[in-house]
Amino acid sequence: MAGILAWFWNERFWLPHNVTWADLKNTEEATFPQAEDLYLAFPVAFCIFMVRLIFERFIAKPCAIALNIQASGPQIAQPNAILEKVFTAITKHPDEKRLEGLSKQLDWDVRSIQRWFRQRRNQEKPSTLTRFCESMWRFSFYLYVFSYGVRFLKQTPWLWNTRHCWYNYPYQPLTADLHYYYILELSFYWSLMVSQFTDIKRKDFGIMFLHHLATIFLITFSYVNNMARVGTLVLCLHDSADALLEAAKMANYAKFQKMCDLLFVMFAMVFITTRLGIFPLWVLNTTLFESWEIVGPYPSWWVFNLLLLLLQGLNCFWSYMIVKIACKAVSKGKVSKDDRSDIESSSEDEDSEPPGKKPHTSTTTNGTSGTNGYLLTGPCSMDD
C-alpha cells in the first residue's frame with residue numbers, strides 16, 4: 001500500500017519541476033491546500049442533503065401550494081394483475097405483437113391496453129409540486145453559491161488579471177474564503193451524486209452521472225495541485241446560468257408562460273455567452289497559454305487542461321441542444337412527445353394521441369405556445 005501511495009502521489013506528476021510536497025506543507029506563515037482537507041466534503045455533503053430535505057418540506061412546498069401547484073399525481077391505472085406482471089417483469093413499452101396477444105387474453109381492445117400502459121408509466125412520474133420543489137432548491141443553492149463566488153472573486157487580483165493565477169505558483173497560500181468556496185462546491189456535487197438516485201430520473205441520467213463524477217474529479221484535482229485560483233474562475237463562470245434555468249422551470253411549473261419564455265431566453269444568452277465565449281477566450285487562454293509561459297508544462301498540467309477541454313466539449317454539445325430547442329420552439333410553437341424527457345414530460349401524456357397519429361394542435365402539452373415544454377428537455381436537466 002505504501003508503494004501504491006508513493007506511486008500515486010509522485011511529485012513529478014503532480015507538481016512543477018523542483019517542487020516537492022514538503023515545500024507545500026502548512027506553516028505558521030502560510031497555509032496551502034492539502035489533500036486531506038477534502039475529507040470535509042463528505043460530512044458537509046450530508047448536511048447539504050439534510051438542508052435540502054428541510055428546505056423542500058418547509059419552504060418550497062408552501063411556496064408551490066401558494067402558487068396553486070397541485071400535489072396530485074397522474075391518473076391511476078385500473079388494477080390488472082396480468083398487465084401489471086407484464087409491466088414490471090417484461091416491458092413497459094409492449095410492441096404490437098404483445099399488445100395483440102394481451103388483447104386476446106384480456107378481451108380488451110388494443111387502444112385500451114395502450115392507454116393502461118401510458119397511465120401506468122405516468123404513475124411513476126413525480127407530481128408537478130415535487131418537480132417545483134426540486135427546482136426551487138437548486139435555484140436557491142445556485143443563486144447563493146454564484147453570489148458568493150462573485151463577491152469573493154471581485155476582491156481577488158486574478159479576476160482582473162488572469163496571469164495572477166500563475167504568479168508564484170504553486171506557492172500560493174490558501175485563504176479561508178477560497179477554502180470555503182471549494183469545499184461548498186465539492187460537497188454540493190457529492191450530494192448530487194447521491195440524490196441523483198432519488199431525484200426525478202431523466203433520459204440523460206448516465207450522462208449527468210458522468211458529468212458529476214468528472215466535476216468532482218476536476219475540483220479535487222485542481223485543489224490538490226493548488227490550481228485553485230483558476231478553479232474558482234471555472235466554478236463561478238459555470239454557475240452563472242444555472243439559477244436562470246431553474247427559475248425558468250419553476251415558472252413553467254407555475255404556468256407563468258411569459259416569465260418562463262423570458263427566463264429561458266436569458267438563460268440561453270448567458271449560457272452560450274459564458275461557455276462558448278468567455279470560457280475558451282478567458283479561462284482556457286490562461287490555462288493553456290499564460291500558464292505555459294509563466295510556469296511551464298508538467299504531467300498534471302496536461303491532465304488538467306485535457307479535463308477543461310473535455311468540459312468545453314460538453315459545453316458545445318449543450319449549447320447546440322439549447323439552440324435546437326429554441327429554434328424548434330420559435331418555428332413550430334409545439335412540443336412533440338419524442339423531444340421531451342420521459343420523466344419530465346407532463347402527466348397529460350396519458351391522454352396523448354396514439355403512436356403514429358400526429359397532434360392536431362400547434363400548442364404545447366400544457367396548451368400554450370412558446371418555449372413551455374421545451375424547458376423540460378435536455379438542457380433543463382443540466383446541473384453544471
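Yeah, the Cβs are placed from backbone N, Cα and C, and that goes for glycine too.
Listed in TrEMBL:
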TRANSMEM  38-55  transmembrane segment
DOMAIN    83-127  domain 'Homeobox'
DNA_BIND  85-128  DNA-binding region
TRANSMEM  180-198  transmembrane segment
TRANSMEM  205-224  transmembrane segment
TRANSMEM  260-282  transmembrane segment
TRANSMEM  302-323  transmembrane segment
REGION    336-384  region 'Disordered'
COMPBIAS  361-378  compositional bias 'Low complexity'
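Computed over the domain 'Homeobox' (83-127), the whole-number mean pLDDT of the model equals 88. Within the chain, the transmembrane segment (302-323) has long-range Cβ neighbours (under 8 A, six or more residues past its boundaries) at 211, 214, 217-218, 221-222, 225, 227, 234, 267-268, 271-272, 275-276, 279-280, 283-284, 287-288, 377-379, 382, 384. Shown for the domain 'Homeobox' (83-127): DSSP residue counts in helix, strand and coil, namely 32 helix, 0 strand, 13 coil.
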